[in-house]
Amino acid sequence: MISALWGALLIRVHSSPVSSPSVSGPPRLVSCGSSQSSALSQSGGSTSTTGTEARSRALGRRWCPAAIMLLALVSLLSCLLPSSEAKVYSRCELARVLQDFGLDGYRGYSLADWVCLAYFTSGFNAAALDYEADGSTNNGIFQINSRRWCSNLTPNVPNVCRMYCS
């Protein structure tokens, strides 16, 4: 998908003259449209389409500033998307993660208890989100409530864990 986006966004344009006596206003460094070179049109000679294409390639190509900004934006978004994708764990995968974090036997609860809790609260979905009637949200695998434990930018919330819910 990313390669298709890059292919669609690779907008190359032909170079245009820096200034032209017949054009009013500030000189344009790059034209975002396709045009024949001014040397060909000023000479009065007629060229075929293939001759124009060959000469256009020889003149060099430049990026349109709007295309550069669009490419930068798409690059930034493509870097951020994989980090925001939801992770849905398998039962064994979640058990390994919880064991690595030392939750087996934590406060008297076995690893099976933690896995059972995660299954029935979120279905092992790390991005699970449930809205309560009071406006608070239950977040993540263990459905931590934003009313007391985390902040979802609601004013006057205790935020005991001192972290954002997202």
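Placement of Cβ uses the backbone N, Cα and C atoms for every residue, glycine included.
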Correct disulfide partner for Cys165 among Cys150, Cys161, by Swiss-Prot, is Cys150
Taking DSSP helix as H, G and I and strand as E and B, the domain 'C-type lysozyme' (87-166) has 25 helix, 12 strand, 43 coil
